[in-house]
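Working notes for the structure below.
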Amino acid sequence: MQGCEGSVLLNSTKGNAAEKDAKPNHTLDAFDVIDDIKAALEKECPGKVSCADILAIAARDAVSLATKVVTKGEWSKDGNLYEVETGRQDGRVSSAKEAVKNLPDSFDGIRKLIKRFASKNLSLKDLAVLSGAHAIGKSHCPSIAKRLRNFTAHHDSDPTLDGAYADRLRRRCRSPGDRTTELEMVPGSSETFDAAYYGLVAKRRGLFHSDEALLRNDVTRGLVLRYRDSEKAFLRDFGESMVNMGRVAVLAGSQGEIRKRCAFVN
């Protein structure tokens, strides 16, 4: 992971495994949507809009469309959850090894999460609020297998996971290697962007160990409880933290390029 310069969009080559093929990114999807947007923009204004900017704007739009207060017209006049800064260049390097090294892992504890975020100049608040992106989407059994069985040498489950919820997940994931069964990050609400995720985390029902880890630090725990009780505060802070993340390792001028096709360097 280089930064906010579209490296995750590049395809692997014969001599290089790219970010999109790194294990933490195996559930990423919709690359074709970004490719279609890029193709349309290149027809209208060739060489003007980077893939990095397209990705940042598309992420904002997807989240906004999944947020009820936005779709009901209760959030902002333009229908967006937050404004996206633009002007990024596209990077020319993409490494699966680097992605594995830098991306948060579903089994990370709070100390490792804090270290990962701090390395990108992101705060404890950014950590807590950006974890709320887990309100949308699904995962698969290998991401939580260790939490359900063999968490320690005694073949037990993760004691930080609610017992009844662990039993339910074990019934869904009968095989640790099951990559077919889909697990909603927020059961019954995985296509809606709201603060329901924090209610689950507070009940020790976050799907990942890294979700539960937010309760292991006074600051992040306080934010979990705050967002559980105030969706408005979460949505406001989420926009601010997305802008912060969008400033990480941005390329400008001759540092990068504006790709003609997002999956390939020029």
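Positions of Cβ are set from backbone N, Cα and C atoms, glycine also.
Note: TrEMBL annotation is automatic and uncurated.
If you look up TrEMBL, you'll see G3, S7, E19 marked as Ca(2+) 1 binding site. Under the heading substrate binding site, TrEMBL lists P104. The feature heme b binding site is assigned by TrEMBL to H134. What TrEMBL records for D194 is Ca(2+) 2 binding site. The disulfide bond annotation in TrEMBL covers C51-C262, C141-C173. Taken from TrEMBL, the feature domain 'Plant heme peroxidase family profile' covers 1-266.
Around E19 (Ca(2+) 1 binding site), a 10 Å sphere centred on its CB holds 26 further CB atoms from the protein chains shown.
Taken together, the residues of the domain 'Plant heme peroxidase family profile' (1-266) have an average pLDDT of 92. Put simply, of the recorded positions S7, C51, C173, D194, C262, the one whose Cα is nearest the Cα of P104 (substrate binding site) is S7. Taking CA atoms as the reference points, the residue listed as 'Ca(2+) 2 binding site' and E19 (Ca(2+) 1 binding site) are 28 Å apart. Proximity note: of the listed recorded positions (G3, E19, H134, C141, C173), none has a CA within 10 Å of the CA of C262 (disulfide bond). Highest Cβ count within 10 Å among the disulfide-bonded residues C51, C141, C173: C51.
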